[in-house]
Every structure is written in C-alpha cells, then in structure tokens.
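Q: Pulled from TrEMBL, these are the listed features:
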BINDING   46, 50  Zn(2+) binding site
BINDING   88, 113, 114, 199  S-adenosyl-L-methionine binding site
DOMAIN    27-62  domain '23S rRNA (guanine(745)-N(1))-methyltransferase N-terminal'
DOMAIN    106-188  domain 'Methyltransferase'
Ligand SMILES: [Zn+2]
C-alpha cells in the first residue's frame, strides 16, 4: 500500500469516527445488549468491556455470528457499476421525494455494497448508516462515500438502540419488521422497495424465467402497516454497452447463465431495461405500546 492510500484510509477512518461520535449513542452491543460508546482509538465499547474496532477501511463488525462471505464481491461490483451508471436514477428521485430527509438519521437495512444509499446521499442531506450481513458488500461500501457509516450486522438482532432512526430503508432485501419497529422512532417511516412483475423483464425473458410476483411480500408489509402508502415506479432505462455485462452479473436471475457465451452474447444486445418497482411506505406508531405499558404480543 502506498503512502497516499494510507492517508486516504486514515482520513476515512477519522471522518467515520467523528460521525460515530456525533450519532452516539446509537449502537447496541451485539453481545450483551448494552449501549456502546466511542472509546479512544475509534473503538466502540460497552459497560461490560466488549469492544468493536472500526476497521482500517472504515467499517465496523457488530455481529455475534460470523459475517457471511459467500456473496461474491463480483456481484456487488456489478451492482455498483449498474447503479452508479444511473439506471436507477428515477427510482432514487421517487424515493427522494417521499420523505423529509434533511438532517434525518436513516438506516439502509440490507444495503449490500451501498450504492442506493450513496446515490440518495448525493441528492439529500441526511446522516446514513448502511448495514448488511455480507461482509464483502460492506467492505466495498466502506471504500466509497466518507459521510456514511457502514456496519456488518445481523438484521435479526440489529445492533442499534431503540428508536434510533427516523427512517429505515429496505431496498430489494428481506425485512425484519420486529426490529424495524424497535429501532425506528415513533412517527418515523419504513420505506420498502419491492420488485414489480415487470422488473428486469428483458433479462427474465432471456433467462426463460416467468414474471415475478411480489404479492406475498406486499401482503406482509400491509399486515405490519395496514395504512401503508404504495407508489408504483416503472420506467425503461437505456443500457449503455459497458453496463450490459454488469447488468447480467448483478442479478440471481441470470447467474446460472453467466458462463454461457451464447447467453452473454444475447444479453449484450439488451439496449434497454425495465425498472418496475413498488415503494411501500409505512409509519411507525408506538403510542399504543407506551400507553398500555406492555406489549400484548
Ligand atoms: Zn457488551
């Protein structure tokens, strides 16, 4: 590693430490559930002396179980190329308009390599944390945008204190509503992005896959948030030649074909792609719980 690289790493780590301090207390110890605070040397520490270092690359591991590393970094790199290439721009615009982002604290739950959160950060001024159990995704995310924090974490035991976030984003990723409810402030929002039936339909057709149904996922969301709003965002984006192979590599739809030269050749002929999604927005209501004093469930 060259000196310049070290300096970059250093400043990244320093900037993120400052951000952790600003947000503190927000983190919860994954081992004992106590509050974590920022100790000397960019370390998060709890009262029972469990401690978690901010890695040199600028991310932190807050998991009890080992992080998953079987997601290929190739997939995350492909996703980043496609998202940075602007194919999801209209979806980001729609998300940007759905909330008051200014000065808010936002969690991207299941961020992968963080490209969606980074794209939103370019549009809006908020404090953001991205989290995923896939270590390779978070490591890649940490190399980008300094003003965001990246955490390897298990959503089933989110390492955040109660009512820490104004909004939880959950984009093309499984949800854990119990934890979303706990870590979001009363009156805060959960924004979930679900693929629609025509999402990436050009690739689906090529791979011989039938149309995707989001019915179960949408129903699951409405069970949690009966008064949820849903916003359909559907558009076709031009796919520049340099993004055609990354597009193929970023989705499980076409994984089994990625070594198939004929298939790749056909995929290279995809000049436009359909991005068809449903954005679901639910409000967190905690009054009932605090008034009754106990959680009936
Ligand atoms: Zn602890």
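Keep in mind that glycine also has a Cβ here, set from the backbone N, Cα and C atoms.
Because the structure is a prediction, the values reported are computed rather than measured.
Surface or core, plus neighbours and distances: that's what I need for these features.
A: Counting every protein chain shown, the number of other Cβ atoms lying within 10 Å of the Cβ of residue 50 (Zn(2+) binding site) is 14.
Sequence-distant neighbours of residue 113 (S-adenosyl-L-methionine binding site): residues of the same chain at least 6 apart with a C-beta under 8 Å from its C-beta are 76, 77, 79, 80, 137, 138, 140, 141.
Averaged across the domain '23S rRNA (guanine(745)-N(1))-methyltransferase N-terminal' (27-62), pLDDT for the predicted model comes to 93.
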Q: Using a Cβ-Cβ cut-off of under 8 Å, list the residues of the same chain that are 6+ residues beyond the ends of the domain '23S rRNA (guanine(745)-N(1))-methyltransferase N-terminal' (27-62) and lie near it.
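A: Distant contacts of the domain '23S rRNA (guanine(745)-N(1))-methyltransferase N-terminal' (27-62): 9, 12-17, 20-21, 135, 138-139, 141-143, 146, 149-154, 157-161.
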Q: Using the structure shown, find which entry in 46, 88 (the binding-site residues) has the sparsest Cβ neighbourhood within 10 Å.
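A: Each of the binding-site residues 46, 88 was scored by Cβ atoms within 10 Å; lowest is 46.
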Q: Of the binding-site residues listed here (88, 114, 199), which is spatially closest to residue 50 (Zn(2+) binding site) when Cα positions are compared?
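A: Minimum Cα distance from residue 50 (Zn(2+) binding site) across 88, 114, 199 lands on 114.
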Q: Near ligand 1, which of the binding-site residues show up if the criterion is a Cβ under 6 Å from one of its atoms? Options: 46, 50, 113.
A: 46, 50
Q: Can you tell me whether DSSP puts residue 46 (Zn(2+) binding site) in helix, strand or coil?
A: coil
